[in-house]
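*Asks:* Got a structure for you, questions after.
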Amino acid sequence: MATENKNLSVYDKTKIPNATSLRFGIVVSEWNAEITNALLKGAQEALLDCGALSKNIIQWNVPGSFELVFGCKKMIASQQVNAVIAIGSVIRGETSHFDFVCSATAEGIKDLNTAGEVPVIFCVLTDDTWQQAKDRSGGKHGNKGTEAAIAAIQMAVLGR
Ligand SMILES: Nc1c(NC[C@H](O)[C@H](O)[C@H](O)CO)[nH]c(=O)[nH]c1=O
Ligand SMILES: CC(=O)[C@@H](O)COP(=O)(O)O
């Protein structure tokens, strides 16, 4: 189902485990900061809505999405978190750089999950246009940060 047919911000709180006992890392890319900050807001609000404590949400920033993998790996190694959310916004430009950044970031985050230490949630928008990114970070299609927070809670419980 494409995002167009699924609001990213909708969740049934009664079906989400309580997050009070869980610790979360959030690593945020600073490229396209208007988008990534909106994703971060959505994630933070959903975590708190599901019982997470502010003191248990550790946030680091990295320059761009390509650096998310390194930031998440260091977060896992040093912060005793139950799940990490990797937040980025990659928007296609004139060259094939978009493809390399997207594939490297996705592969790297996949590899962190394959390592099996801590689940890392892929909250990286890969859009052809600025409007597509706006629509998925609190716009008409909801907020992928919200979706990522719910996935983080569910995977944190599964990974315990
Ligand atoms: N063009 C975008 C980038 N590019 C930067 C890379 O992510 C990386 O920081 C750089 O290549 C240095 O290693 N990053 C995004 O997150 N979004 C973009 O649209
Ligand atoms: C995703 C990118 O790296 C891209 O925005 C860079 O733009 P360009 O391909 O025009 O250099």
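Just so it is clear, glycine is given a Cβ too, placed from its N, Cα and C backbone atoms.
No curator has checked TrEMBL annotations; they are predicted automatically.
Annotations per TrEMBL:
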BINDING   Trp31, Ser65, Phe66, Glu67, Ser89, Val90, Ile91, Phe122  5-amino-6-(D-ribitylamino)uracil binding site
BINDING   Glu94, Thr95, Arg136  (2S)-2-hydroxy-3-oxobutyl phosphate binding site
ACT_SITE  His97  active site, proton donor
*Asks:* Looking only at DSSP and grouping its letters into three states, which state does His97 (active site, proton donor) belong to?
*Replies:* helix
*Asks:* So, in DSSP terms, is Trp31 (5-amino-6-(D-ribitylamino)uracil binding site) helix, strand, or coil?
*Replies:* coil
*Asks:* Kindly point out which of the binding-site residues Glu94, Thr95, Phe122 have a C-beta less than 6 Å from some atom of ligand 1.
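*Replies:* The ones that qualify number zero, so the answer is none.
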*Asks:* Between Glu67 (5-amino-6-(D-ribitylamino)uracil binding site) and Arg136 ((2S)-2-hydroxy-3-oxobutyl phosphate binding site), how many Å separate their Cα atoms?
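*Replies:* Computed Cα spacing between Glu67 (5-amino-6-(D-ribitylamino)uracil binding site) and Arg136 ((2S)-2-hydroxy-3-oxobutyl phosphate binding site) is 22 Å.
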*Asks:* Near Ile91 (5-amino-6-(D-ribitylamino)uracil binding site), which residues of its own chain have a C-beta under 8 A away, given they sit six or more steps off in sequence?
*Replies:* Asn32, Phe98, Asp127, Asp128, Thr129, Trp130, Ala133
*Asks:* Can you go through the recorded positions Ser65, Glu67, Glu94, Thr95, His97, Arg136 and pick out those with a C-beta less than 6 angstroms from ligand 2?
*Replies:* Glu94, Thr95, His97
*Asks:* For Phe66 (5-amino-6-(D-ribitylamino)uracil binding site), which DSSP three-state class applies?
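*Replies:* It is helical.
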